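Engineer: Mind having a look at this structure? Questions to follow.
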Amino acid sequence: MVQNIKNLLEKYNVTPNKVLGQNFLINEGVADELIKATCLTKDDTVVEVGPGTGVITKKLAQIAKKVIAVEKDPKLIPILQKELKTFLNIEIINEDILKFNPANYSLQTTCLPDRQAHYSLLGAPPYYLTGRLFRHFLELSLIRPTQISLIIQKNVAQRIIAKPPKSNILATSIQFYGEPSIINIISKNSFWPRPKVDSAILVIKDIKNPTTNEQNFFKIVRAGFSSPRKQLKSNLKQQFKLDTALEIDFSRRAETLTIKEWAYLTEKLR
């Protein structure tokens, strides 16, 4: 498969862009595993991050009702248009995914019938984009995906699934919206050019619209983790009035708090 991708890129006079962090997926088995881990039906809409040469896109188009493939690199657009021209349910967009606005599209999914659903987010984005990508679609977006399935750096995925007493600000920020899990570890040999580290398939299902005030939640969480090795008391007292009667021991560190406890503090601290 790697030779096919090399030949395809050479045909269009395209080389992997280091600035954009391009590492093309060359293992079809990994693409299949990523899609299998995602709850998709023939009625679903999927937003794909960085389709590259369309390896995952083709497979998605055979399952989902619609695939919106968002690719930043303009040099890859002609490849996608040519290789995917037989699929009428694929929309190719030449745009930075961090500027993508779900409100501009008709997005829906049926795999979570108990809530108003919109779409699934899926792909193998450049490593440097991971943190900002989650923030864009979870914290900043008014229309969140119902589930996210991404191939990301292994160590970042492990940080995201961390639980108290070894939590962190990234894990807390993402678990506020949904429960992440690692489906499998992916060898660096599954990509070309080969990255320096292994990856992981990370899935976040049943993403919710929180009932807790999001702005206040993140204000408290960021203050709490401002000096991770210090006690909550030291980190929070500069911005909030601490009530010792609250059901939280402020001598604890931020990494020991659960999402429920952060939500409790959000309701109580002013």
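Just so you know, glycine gets a Cβ as well, placed from its N, Cα and C.
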Engineer: Write down the one residue from G50, G54, G131 that TrEMBL lists together with N23, L25, E71, D96, A124 as binding S-adenosyl-L-methionine.
Structural biologist: G50
Engineer: Using CB atoms and a 10 A radius, I'd like the single residue among the binding-site residues E71, D96 with the highest neighbour count.
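Structural biologist: Answer returned by the neighbour count: E71.
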Engineer: What same-chain residues, at least 6 away in sequence, bring their CB to under 8 Å of the CB of G50 (S-adenosyl-L-methionine binding site)?
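Structural biologist: Non-local contacts for G50 (S-adenosyl-L-methionine binding site): V70, E71, K72, I97, G123, A124, P125, P126.
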Engineer: Can you tell which of L25, A124 has the least company, meaning the fewest other C-beta atoms within 10 angstroms of its C-beta, among these binding-site residues?
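Structural biologist: Ranked by other Cβ atoms within 10 Å, the binding-site residues L25, A124 bottom out at L25.
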